[in-house]
């Protein structure tokens, strides 16, 4: 394990500025708004700020001051050793519940920034947590895989030691074990939900004691009674259908020819900005993104260790491994306690009648605001749900022996 500080070179900053200064913008149809994609005025404003006003050094210092960061080499079966970046913040009590936070795309470890202080300090009678937020391989400052086939099982392994020969090597699980957390809980959204679901399935009981997610992926059960759906559930299904019709083009591209798209993302900071900014706005619930917030988020991708193209390849690996976002590596269902927080503007929101094929749901909360980036958009709501699930009187209280989240 090595301590880590973000320190982007002056040469890299100068190179970015040069690229921004030579930007060639496309034209735009009159009165097109967001119908065709990101408005030209938005991108011109963001590029001007990125080029002439945005202070990366200031943001870099803030991240280094707020988030204790480390790197650790993790060996992944069939893929060699990967140097993995992560944030590790312990609670002030020493009895913190070990919690692994897993992000997705287009997120990063940055999504843990707002929830870490809430989880580690607690409030009054709330439980506290030891939080580990890793940068998935190929994201942020983690090394990217060099071989084909690095998919959910391998991401999940980055947390554990595989016990059997058929096996799922998982970066996340091995990381937790290396940090001394032989028993832990998890939280994830987007692909992080898939990774933590795999951990619940393969390490559930012995290591992974409970899992919480803000998005559930599952196909519908046979002969489901559509008339039993609530208004909230019907709206969620309608939103998912609309997303498939008008918002999933990125998914098809990244699942089929990520390398082709990767040239544009790696060579053009403006192309990368537009690609990610569209998702930040469209997938959130009217969240008031500031320009500097967006630029910090995108800069993590631009300055990432493996480059922007590395982060989109996992879509291809998912699609070609026989698994998708709605399927697991096994037909078995995790039995450890599961919790879910439902936000109205999440891309996928399934009815409760679909839950039995996903896991042992013991906690559920529906919220009136929030979207895909729950930890960033609504940190208090997400943390509140975790406190209710794992706190005294909650359905998952005491699941990690000796680490209840309380001093007494």
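In case you wondered, yes, glycine gets a Cβ from its N, Cα and C as well.
Noted in TrEMBL for the protein shown:
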{"type": "DOMAIN", "residues": "2-111", "note": "domain 'Epoxide hydrolase N-terminal'"}
{"type": "ACT_SITE", "residues": "190", "note": "active site, nucleophile"}
{"type": "ACT_SITE", "residues": "315", "note": "active site, proton donor"}
{"type": "ACT_SITE", "residues": "372", "note": "active site, proton acceptor"}
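In terms of DSSP helix, strand and coil, the domain 'Epoxide hydrolase N-terminal' (2-111) has 39 helix, 27 strand, 44 coil. Cα-Cα distance from the residue listed as 'active site, proton donor' to the residue listed as 'active site, nucleophile': 12 Å (rounded to the nearest whole number).
Counting neighbouring Cβ atoms within 10 Å of each of the active-site residues (190, 315, 372), the lowest count belongs to 315.
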